[in-house]
Amino acid sequence: MRKYGWSSFRDLVLKNPANPDAVDQQDSHINDGDENDVRGNWTNKREYILSMIGYAVGLGNVWRFPYLTYKNGGAAFLIPYFIMLVVAGIPLFFLESSFGQFCSQGPIYAWRAVPILQGVGFSMLVVNSLVSIYYNVIIAYSLFYMFASFQSPLPWSSCLISFTGHFSALLETCNITSLPAANSTRENDTCSPSTTTVIPTQSPSEHNVSLHFSHPSQVVLQRSSGLDETGSIVWRLALCLLLAMSILAAAVIKGIKSSGKVVYFTATFPYVVILILVIRGVTLEGAADGIQFYIGSQSNFSKLAEAEVWKDAATQTFYSLSIGWGGVMTLASYNKFHNNIFLDSFVVTLANAGTSVFAGFAIFSILGHMAYVYGKNIGEVAEDGFGLVFIVYPDALSKLPIAPLWSVLFFFMLFTLGLDSQFAGIEVITTCLIDGFPKILQSRRTLITLVTCVVIFLLGLPCVTQAGIYWVTLMDQFVASWVLLVIVLVEIIGISYIYGGNRFIEDIEMMIGNKSFSFWLWWRACWFFITPCLIVVLVWSLATFVPPSYGTVEFPAWGLALGWCMAVFCIVWIPIVAVYKLIRAEGNALQRLQSVCRPSEEWHPYLEIHRGERYSEEHCCHKNTVNQSDADTNVISNSWL
C-alpha cells in the first residue's frame, strides 16, 4: 500500500499538481491506450468531433437562427452572419479549444496562465451551472411533448374551450360551428373568440355562462397567469425532468468514455430528422412561399445598413457556438496533446453554421404550409424561441397527414439536440471539481457525476411548477445573454494582451507544429484587434436592452431584479478573484500586479514529456531567478514577446 508523508498529505489538501504520478489510477474512465493516464483522453478523434458538434449544435440552431434570418432580410442576413463567423466565431472557438488542449485543464485551472483572471473560469462555471438547470427543463418539455404525441388527434390540434357556469345552459344558448385557429393570438397563447363562429340563441349572461378559449400549450404545461402565481409542481413534467436527468446521468457516468459512445447517435440523429422534415416540407402546398420568405426572392438587402442586423448576427454566431460557457475548453482538455485542434475548430464551426441554415428549410417549409392552411401571411405565424418549438411548429405539424409520426420525430430530435449539449454542461462541473481535488475525487468520478445530476434536478424543480416557463425564460434572457459577452471580452483581452498573443501562438505550435508568419497573420489580426471589437456589440446590447417577457405576460419588478442579480452573480467572480489574488501576492502594488499577470509555476502542458525546453523545470527555475528589473517590463508589451 502506498504511504504518504506530511508533504504528500499537504499536497493532497492544498495543491493541484499537474503531475501524472500525483493520483492513483483507480477509475475505470482511464484506458490503457490513453496518453494521459490520469485524466484520460477521448477514445478516438471521431468521439471528440461528434461531442463538439453535439455541444455546439443545440436548440438555438432550430428555434432562433431561422427566425433571425427571416426577421433580418432573409438571404441578406447570411452575409453578416458568415462575416461574424469568420472574424469572431471561428477565432474564439479556436482560441478556447487550444487553451484547453494545451494545459489539459478545465476552465478554472486553465487560467494559471493569467492568475489575476482566474475568476473568468469561475464565471464560466457559474454560467454553465445555471444554464444546465433550465436547459434540462427544456429537455423535459421535449420528452413531455413527445409522449403526448403518441395519440391521434394530437392534443394541440385545436383550441380548448372551457365553460364557466351551467354547461347545459351553454348548449341551449350557443351553437358553436367551428373552433378557433390554434395560432390565432400566440402572443398570449390564447385563442381569440373572434375566430370562432358562435351563434347565440339567447344571451349567455342570462344563464351566468362565459366562454374561455385557451391554446393547448397553456393546458399541457398547466401554465399560470404569471411569475407571481407559482402554483404547484406539474407532476408529469417533474417525472419527465427526472427521466431526462436519469438518461443524462447514465450517459455521462464515466465521463467522456461513456458520453463519447452516446454521441454517435445523439449527434447524428437530428440530421436525419431535419433531412426527413425538409423532404416532407418541400412537398407541401405553400412550402415554396415559406422558403422564399426564409432566403428567397423576398430578401431585403437594405437591411444590411441597419446596426440591429449586425448585432443579431454577432450574438447568434457567438451563442450558437457555446463560446464562454466553459464547455469548449473542457472537451478540448481531453484531447491528446498533438491533436490538430486547428482543423477540428474549422470542422465544428462550419458544421454548426451549416446546420443552422439547413434547419431553416425544415422550419419554414412547414410554416409556409401552415400559413397556406390558415390563409395568413408567413410573418403572422413565424416566431422564435419557445413559441416556435412548443407552440407554432407543433401546431403546423398537426395539420400534416400522420401528424403523430412527425410530431414524435420532431420532439425526439429536440430531445437529442438538448441531450448532447447537456453532456458538456455536466462535464464542465465534474471536470472543475476533479481538477481542483484530483487525489480525492479522481477515483470518485461516478459519485461526483451522480451528485451533480441530483443537485441540478432538485434546482430544476421550480421550473416545472405552473410558473416554470416564466423561470426558464427569465434565466435564459439574463444568464445566456450579454453576460457571455463580458466573459469572452475579458478572456480575449487576457490571453491576447496580458498572457501574450505571440506567446500563445508558440504554445499552439508546440501542439500542431510550426507554421509560417503569414499563416498566423489572420489570427493575430482577429485576436489582437478585430474580435475585441465585440465590445461594440456588448454596449449595443445593453443600450437596447428590453426587459424580457413571455409573450404578453410581463415579469414583475422583483422578477426582473432577481434576473439582474443572477447576471451580476455570474460575472462578479472576475473582480472578486482578481482582488483576492492581489491581496495574496507579495511586494508593493506594482510588483503584486506584475506577479499575478504572469503565468504561475503550474502553467505548462500536463505531461512532462510535452513541456520541452520552454516549460522544463530548469527553464522555470531560470525564470524565477531573473533580475527584477527585467520583470518590470510593461505587461502589455509582454504580449508581443
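Glycine is no exception: its Cβ is also placed from the backbone N, Cα and C atoms.
Not measured: the values here are computed from a predicted model.
For Val57 (Na(+) 1 binding site), the count of additional Cβ atoms within 10 Å of its Cβ stands at 27 [all protein chains shown]. According to TrEMBL, the feature Na(+) 1 binding site maps to Gly54, Ala56, Val57, Asn61, Leu417, Asp420, Ser421.
When Cβ atoms from all protein chains are considered, those within 10 Å of Asn352 (Na(+) 2 binding site) total 25, not counting its own. What TrEMBL records for Ser320, Asn352 is Na(+) 2 binding site.
Annotated compositional bias 'Basic and acidic residues' per TrEMBL: 26-38, in sequence order.
Annotation comment: TrEMBL describes 17-38 as region 'Disordered'.
Sequence-distant contacts of the transmembrane segment (48-67), counting only residues of its own chain at least 6 positions beyond either end whose CB sits under 8 Å from a CB of the stretch, comprise 42, 138, 256, 259-260, 263-264, 266-268, 270, 294, 316, 319-322, 327-328, 331, 334-335, 339, 344, 347-349, 351-352, 355-357, 359-360, 363-364, 382-386, 388-389, 414, 417-418, 420-421, 423-424. What TrEMBL records for 48-67 (among others) is transmembrane segment.
Here the transmembrane segment (73-95) has long-range neighbours at 293-296, 298-304, 309-310, 312-314, 316-318, 321, 323, 328, 341-342, 345-346, 348-349, 353, 357, 488, 491-492, 495, 504, 523, 526-527, 530-531, 534, meaning same-chain residues at least 6 beyond its ends whose C-beta is under 8 angstroms from one of its own. Summarising the annotation, TrEMBL assigns transmembrane segment to 73-95 (among others).
Here the transmembrane segment (116-148) has Cβ contacts under 8 Å with residues 59, 106-110, 154-155, 220-221, 236-237, 240-241, 243-245, 248, 324-327, 329, 390, 394, 407-408, 411-412, 414-415, 418-419, 421-422, 425-426, 428-429, 432, 456-457, 459-460, 463-464, 468, 471-472, 475-476, 479-480, 483-484, 487, 490-491, 494, 498, 566, 569-571, 573-578, 581-582, 593, 596-597 of the same chain, all six or more residues outside its ends. Among the features that TrEMBL reports, transmembrane segment is placed at 116-148 (among others).
Taken from TrEMBL, the feature transmembrane segment applies to 233-253 (among others). Residues of the same chain lying 6 or more positions beyond the ends of the transmembrane segment (233-253) and with a Cβ under 8 Å from any Cβ of it are 136-137, 139-141, 143-144, 147, 221-222, 259, 262, 415, 419, 422-423, 426-427, 430, 446, 449-450, 453-454, 456-457, 460-461, 464-466, 468.
Look at TrEMBL and you will find 262-282 (among others) tagged as transmembrane segment.
Tertiary neighbourhood of the transmembrane segment (317-334): same-chain residues 36, 39-42, 48, 51-52, 55-58, 60-61, 64-65, 81, 84-85, 88-89, 92-93, 96-101, 103-107, 110, 121, 124-125, 127-128, 131, 256, 341, 348-349, 352-353, 356, 421, 424-425, 427-428, 431-432, 480, 484-485, 487-488, 491, 534, selected by CB-CB distance under 8 Å and a gap of 6+ residues from either end. What TrEMBL lists as transmembrane segment is 317-334 (among others).
The transmembrane segment feature in TrEMBL is assigned to 346-367 (among others). Counting residues 6+ beyond its ends, the transmembrane segment (346-367) has Cβ neighbours under 8 Å at 49, 52-53, 56-57, 61-62, 65-66, 69-70, 78, 81-82, 85, 89-90, 93, 271, 274, 277-278, 280-282, 284, 287, 290-291, 293-295, 316-317, 320-321, 378, 381-382, 388, 392-393, 396-397, 400 in the same chain.
The feature transmembrane segment is assigned by TrEMBL to 405-426 (among others). Residues 51, 54-55, 57-59, 61-62, 128-129, 131-132, 135-136, 138-139, 142-143, 145-146, 149-150, 154, 244, 247-248, 251-252, 259, 262-263, 265-267, 269-270, 273-274, 276-277, 280, 322, 325, 327, 330-331, 389, 393-394, 397-398, 449, 452-453, 456 of the same chain lie 6 or more positions beyond the ends of the transmembrane segment (405-426) yet place their CB under 8 Å from a CB of it.
Per TrEMBL, transmembrane segment is recorded for 447-472 (among others).
The annotation transmembrane segment is assigned in TrEMBL to 478-500 (among others).
Residues annotated as transmembrane segment in TrEMBL: 521-543 (among others).
Look at TrEMBL and you will find 555-583 (among others) tagged as transmembrane segment. For the transmembrane segment (555-583), the list of distant contacts is 115-120, 122-123, 126-127, 130, 226-228, 470, 474-475, 477-479, 481-483, 486-487, 490, 547-549, 592-593, 596: same-chain residues at least six beyond its ends, Cβ to Cβ under 8 Å.
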- Task: Mind checking which residues of the chain, 6+ beyond the ends of the transmembrane segment (262-282), have their Cβ under 8 Å from one of its Cβ atoms?
- Result: 46-47, 50-51, 53-54, 57, 251, 288, 290-291, 355, 358-359, 361-362, 365-366, 368-369, 400, 406, 409-410, 412-413, 416-417, 419-420, 423
- Would you mind sorting out which of Gly54, Val57, Leu417, Asp420, Ser421 (the binding-site residues) have a C-alpha within 10 A of the one on Ser320 (Na(+) 2 binding site)? Val57
- Cβ-Cβ under 8 Å from Ala56 (Na(+) 1 binding site), same chain, 6 or more residues apart: which ones? Ser320, Leu321, Ser322, Val328, Val348, Thr349, Ala351, Asn352
- Message: Same chain only, please: residues at least 6 beyond the ends of the transmembrane segment (521-543) with a C-beta under 8 Å from a C-beta of the stretch. Say none if there are none.
- Response: 87-88, 91-92, 94-95, 307, 311, 314-315, 318, 481-482, 485-486, 488-489, 492-493, 495-497, 501-502, 504-505
- Relative to the mean position of the Cβ atoms of Gly54, Ala56, Val57, Asn61, Leu417, Asp420, Ser421, the recorded Na(+) 1 site, which additional same-chain residues have Cβ within 8 Å? Ile53, Tyr55, Gly58, Leu59, Ala267, Pro270, Asn352, Gly418
